[in-house]
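Chemist: This structure is in structure tokens; I'll ask about it shortly.
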């Protein structure tokens with residue numbers, strides 16, 4: 001079935017498990033069409049040529065091959081003419097299942113975890129991101145004796161994936177992988193220590209952090225670009241963003257916040273992948289505000305929401321009780337007029353739920369206002385008495401704080417009532433030697 005002269009082509013096999021009737025009705029399951037669409041999106045994300053798809057219904061899992069012998073024959077027949085170089089099974093395969101399917105189809109087989117790892121490897125740009133991907137990939141390969149596209153530095157003989165290594169080579173591969181894992185963990189620890197030092201430096205001038213989370217391709221990077229004016233890679237691809245990106249945003253009340261874009265989540269994300277990116281996602285755990293960006297135009301938006309809630313739970317964030325979360329209902333520009341009107345009406349009465357279009361900008365001002373409301377809970381209203389000659393300090397205060405009232409006295413003193421972040425109070429004192437006048441009101445000061 002495999003022709004080595006061909007470019008990389010793929011045939012998708014999507015196993016559709018028949019769910020038990022006793023499953024909770026609160027668990028939303030996407031339709032087969034949406035699941036296949038997502039599988040196609042994964043294939044496109046790594047630029048493979050799609051030759052076809054086959055959805056197969058399973059009432060039970062075959063321990064040896066996942067799917068039954070009849071389905072294996074159907075897939076073989078479907079691939080006889082197109083001769084794909086790769087068959088993607090949109091499910092998690094055990095090492096035994098993967099090996100048996102490769103032997104049955106005489107073609108390289110990759111499962112959902114393997115393909116996601118390949119995408120992560122292609123997307124990672126930072127040193128930490130690359131190390132995290134490599135560590136997760138090696139842990140995955142270790143149980144499969146290196147059956148991925150990414151080969152070890154020592155090449156094996158034999159007829160491709162069908163030949164199989166000898167026992168001596170298997171042990172050598174295991175040792176190579178184990179040695180690499182030890183080295184990568186040391187490198188990661190060094191990178192994390194450096195990042196911790198940088199984080200402590202930022203904490204000396206603390207700013208509220210607003211973290212974006214959501215299902216992959218929900219529009220997080222598009223929203224990030226809209227709010228910050230940055231040019232983060234934003235395309236209609238799964239996992240378009242992998243490495244976290246951070247930019248500052250000035251709110252209407254002169255409050256500066258840091259906006260952080262993170263890797264998108266996806267259903268059935270393997271536990272070791274979540275663990276590998278736990279350090280990257282720690283900014284979500286430490287954020288002052290969490291924006292859960294949802295593609296509200298998708299039929300399976302509820303199922304995607306459930307997946308995000310589960311991963312946040314794995315990170316120690318309880319969705320229903322965590323008051324830092326704003327649910328951002330994105331892509332309303334893709335909805336029909338009636339559905340859009342209904343959504344906007346419902347969102348009006350839902351606390352911390354904002355309907356927007358990151359593409360057109362509709363609703364983003366409402367979102368910024370809600371962010372401002374949440375981060376302003378920690379701001380203080382203070383009065384400053386500053387000599388009129390200190391124009392530098394007065395100008396700085398106008399830039400960094402929201403001036404609620406401002407008056408000049410006959411003796412050359414400016415009285416300013418402001419809403420200001422506690423960190424900026426310290427900066428003002430350090431830079432200009434000016435302290436707030438605690439407990440004084442402007443009218444009392446002028447009387």
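From the backbone N, Cα and C atoms, a Cβ is placed for every residue, glycine too.
So TrEMBL has the following annotated:
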BINDING   214-221, 239-243, 261-264, 330-333, 357-359  GTP binding site
BINDING   221, 241  Mg(2+) binding site
DOMAIN    208-379  domain 'Hflx-type G'
Chemist: Show which residues of the chain containing residue 331 (GTP binding site), separated from it by at least 6 in sequence, have their CB under 8 Å from its CB.
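Modeler: Same-chain residues close to residue 331 (GTP binding site) (Cβ under 8 Å, separated by 6 or more) are 218, 219, 295, 296, 297, 357, 358, 359.
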Chemist: Give the sequence-ordered list of residues that share a chain with residue 214 (GTP binding site), lie 6 or more positions from it, and have CB atoms under 8 Å from its CB.
Modeler: 220, 264, 265, 291, 292, 293, 294, 295, 308, 328
Chemist: Is residue 263 (GTP binding site) helix, strand or coil when read with DSSP?
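Modeler: Reduced to three states, the DSSP call for residue 263 (GTP binding site) is coil.
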Chemist: 10 Å Cβ neighbour count around residue 220 (GTP binding site)?
Modeler: 29
